[in-house]
Amino acid sequence: MATSESIQMEAARGRQSPEPIRVPARAELAGFVDGGAGHEAVPAAARGDRGRVPEAPETYYSVSLSVPASPSGLHLSQLAACASVRSDGGARVAPWPSAEAAPPLELQKQARHQSQPTLTIRSEEPPLQRLRTVSRSDSTRDRRFDHFKTFSGRLERQLSNLRGVVPEIEPAESKISEEGTDDDEVPTADRYFAALEGPELETLRPTEVSALPEDETWPFLLRFPISAFGMCLGVSSQAMLWKALQSEPATAFLRVSPHVNHALWWVSVALMAVVSSIYLLKIVFYFEAVRREFHHPIRVNFFFAPWIACLFLVKGLPRPVWTIHHVVWYVLMAPILALDLKVYGQWMSGGDRRLSKVASPTNHLAVVGNFVGALLGARMGLREAPIFFFAVGLAHYVVLFVTLYQRLPTNVQLPKELHPVFFLFVAAPSVASMAWARLCGEFNHGAKIAYFISLFLYMSLVVRINFFRGFRFSLAWWAYTFPMTSAAIATTLYASAVTNVLTRALAVGLAGIASVTVAGVLVATMYHAFVRRDLFPNDVSIAITQRPKAKFSKILAHLRSSKELVFAVSRHGGGSDTSSESPSPMARGRGRAEP
């Protein structure tokens, strides 16, 4: 049965009284070394220098020792000397005033195998100083988002060490729970299908528990999705459209000023820079969230969008495209080729990411990049490489087109909020017709076949007015812009090859519809982003957890940690070196808390 005893000690040498310990200010304790220093490490107040008036106010502490019963016969005061006392400021008081006052080696051996005393320090410092100490601590920081952080977590720990905040000791229960779940691992494709529902895997199932709080707003970078690059696609394609309206003979009667293309191009560059900078910050600070988006069966298609937008910017450059160095094209197409090998390999190799299971209209983004690269490469004077990318895109577009038309009956239908992505059906054949026309040097029959397919898909979607009504605004609305603009550009090229009133009117009409659509969606985006501030809701698709392990695994993890602790204690206490001291419980706790 454990006994408790309260002891009050004075830090002055050669004198004991019931007065509480007098500890100097934190500035005087900054030079102390844990584990016992020599006579020089003892402060002036502890050596009996009573004549000097201290500059900083003194702080009084009341020390309480709780010692269990020990059969070793070791005196309580000798056990108390083995413990190290730490104040709230982070400084540690030396356990022995001098080397001569150290306990005998026999007592150290006995004390090594017994329970060490537990010190409870009650501070009587002024309330303002105590409030300042608490405010500098990181104990009140929200740690629920830490497992998504990368560099920021290490940076916060470094700043805490610089300002003298000692890292907290995590309880054993939290370690057991961390070992019982694998939140740091990227969920597999079958885990996404099991935890999320909907054709785009955006909604968490009712039976699942989110790893992040659902009743509060997450940090902005965690809510910023890769699909935000759809804004760059819509605006940069407008720069291409107005450049075509200015340069093509079929629309020369409009007398479009080149300043329109210049203004749209600079706006596209600015928007691309802003979106890219934000997402780069997300990569730096929340790389785990980006990694989960890349492994998402649907979100991975949007990783083509930044490079497609860059190709649009090069194509819509105010100066002639053929004056740009070919290295620019190769640099932009290298990431698209890498993504093609990744995504197309998953479509073909089967498994949970096979095309028949993950097919959705957003997969068109994985195909459009090949056609846009072929279009730009042919315009820049390249020959073989653009044909290669056109062939790869055409083969996979045919497979994707057929798969989307005969989706399995078990696949759920797209909700109304995602109906705009159906316009991505128009994008691929439109860009393919322009690319083939540039490769052949004329708008021949092959280009016309692809253009007529896109025109028919465009009309079949437009006539279904109710199909695009009755749902709220979201980033998915940007799926209207890029396909409409591509169809307008293709119509302009077709009107130059087949010149008549109908083709010219069709080119002007589709160009006007595309421009009005882009302007309207852009205004709505600005309104929801800066006025209503609901453009980026919580991204629950990245907050799913791994399946929890069995309770027996938690018990095994707890036993394993206990065994490691026993081995560490026996190895530390059973050594032949009798001159080493046993560390205090607080020192052992600090050792476990450090990585």
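Keep in mind that glycine also has a Cβ here, set from the backbone N, Cα and C atoms.
TrEMBL tags one of the stretches 82-101, 362-381 as transmembrane segment, and that stretch is 362-381.
Within its own chain, the transmembrane segment (501-524) is flanked in space by residues 231, 234-235, 238, 241, 245, 250-251, 253-254, 473, 477-478, 480-481, 484-485, 487-488, 491-492, 494-495, which lie at least six positions past its ends and keep a Cβ under 8 Å from the stretch. Comparison of 263-286, 298-317, 362-381, 418-437, 449-468 by number of C-beta pairs under 8 angstroms to the transmembrane segment (475-495) places 418-437 first.
If one looks beyond the transmembrane segment (449-468) by at least 6 residues along the same chain, the residues whose Cβ comes under 8 Å of a Cβ in the stretch are 419-420, 422-423, 425-430, 432-433, 436, 443, 483-484, 486-487, 490-491, 494. When each of the listed stretches 263-286, 323-341, 362-381, 418-437 is scored by C-beta pairs under 8 angstroms to the transmembrane segment (298-317), 362-381 comes out highest. Same-chain residues lying 6 or more positions outside the transmembrane segment (362-381) and placing a CB less than 8 Å from one of its CB atoms are 200, 298, 301-302, 304-305, 307-308, 311-312, 314-315, 321-322, 324, 326, 329, 332-333, 336, 339-340, 343-344, 355, 387, 389-390, 392-393, 396-397, 400, 404, 421, 424-425, 427-428, 431-432, 434-435, 438-439.
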